[in-house]
Amino acid sequence: MKIGIPREIKNNENRVGLSPSGVHALVESGHTVLVETNAGSGSFFEDVDYKEAGAEIVAEQAKVWDVDMVIKVKEPLESEYPYFKEGLVLFTYLHLANEEKLTQALIDRKVISIAYETVQLPDRSLPLLSPMSEVAGRMSAQVGAEFLQKLNGGMGILLGGVPGVPKGKVTIIGGGQAGTNATKIALGLGADVTILDVNPKRLQQLDDLFGGRVHTIMSNPLNIELYVKQSDLVIGAVLIPGAKAPRLVTEDMIKQMKNGSVIIDIAIDQGGIFETTDKITTHDDPTYIKHGVVHYAVANMPGAVPRTSTLALNNATLPYALMLANKGYREAFKSNQPLSLGLNTYKGHVTNKGVAEAFEMEYKSVEEALQL
């Protein structure tokens, strides 16, 4: 199989689809890998590293897309849509429930698109989303602490406080991978942390995990309102695989927050959980202020720590990439149910129910679409 690794072109996206070690594994399995010039430089992998791993370095973006399978990090941007072709396997993060134009382009060009974030194991865990959720969760608490500083628009609060001064209050909505990792860092910074989740069993696990050092609260509209309005930092970390994020924090709740408080919307790439995060921001211009509250809505947070993120992502995605390359997509889907759940579009059909519902499109199961 011929495989392409393009350079990411999203604002300040410094990750790369595969590390040199990942490329080496594919080449050793008999596949041809084309890597776009400087694709890995943002993660401090140079062209020579890929060349030594057995890749062919190409300067033309069109050439790296003229392959059997493209492995990326983030969803293609509009300038990349012309490279789509029938039968192309696209393996990357997609978040299609918030990307109608991209979804339509994938359907029109009959691309076989596999979204990292919807590959799901029998225990409902998301193995290809998990490493980036860990990174984004940990970053969210660090970023929140930074933007609480007065010079960054915040109210000038130190999350850990000092003797005789109260700690900053952090509320985390969602107790999954991102929320759990946000909690770890917020606790490490010395904050007073509350985490809300809809699952009582998960709250029990979090209470055990953190030894009673966090407040675990059932997530419902009244509790969300109560804790949001008294918080200095609110982190949104709710995910429904493949579907748009639920808008759990209303504009009225935001209006009740203190001036200079901060919200971090980790779920912004799926539409966000705050009614007031009405636009996606970038690492170049990461925040805006609305109702006196600092809003951080960067969709590719892990892109700011690309070396760590690329290596973590490569560890998770490489076994699936090898499966697709070695077996071909039909046999890979047939033999691996978790991977088949990652299929979002197949030759003109939407094969993810959450995406179909988001845009009122016709849905076909993977089995129907592939006639397995």
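Note: Cβ is positioned from N, Cα and C throughout, glycine not excepted.
If you look up Swiss-Prot, you'll see His95 marked as active site, on the strength of sequence analysis. If you look up Swiss-Prot, you'll see 169-199 marked as NAD(+) binding site.
Taking the C-alpha atom of His95 (active site) as reference, the shortest distance to any of the binding-site residues Ile173, Ile185, Leu189 belongs to Ile173. Counted over every protein chain shown, other Cβ atoms within 10 Å are most numerous around His95 among the recorded positions His95, Lys169. Counting every protein chain shown, the number of other Cβ atoms lying within 10 Å of the Cβ of Asn181 (NAD(+) binding site) is 23. Long-range Cβ proximity for Gln177 (NAD(+) binding site), meaning a same-chain Cβ under 8 A and a gap of 6 or more residues, is found for Leu126, Leu129, Ser130, Ser133, Glu134, Gly137. Within the same chain, residues at least 6 positions away in sequence whose Cβ sits under 8 Å from that of Val193 (NAD(+) binding site) are Val170, Thr171, Ile172, Thr183, Ala186, Leu187, Arg213, Val214, His215.
It is Ile173 that, of the binding-site residues Ile173, Ile185, Leu189, has its Cβ surrounded by the most other Cβ atoms within 10 Å. Listed in sequence order, Gly174, Gly175, Gly179, Leu203, Leu206, Thr216, Met218, Ser219 are the same-chain residues six or more apart from Asp197 (NAD(+) binding site) with CB atoms under 8 A from its CB. In three-state terms derived from DSSP, the residue listed as 'active site' belongs to neither a helical nor a strand segment and is classed as coil.
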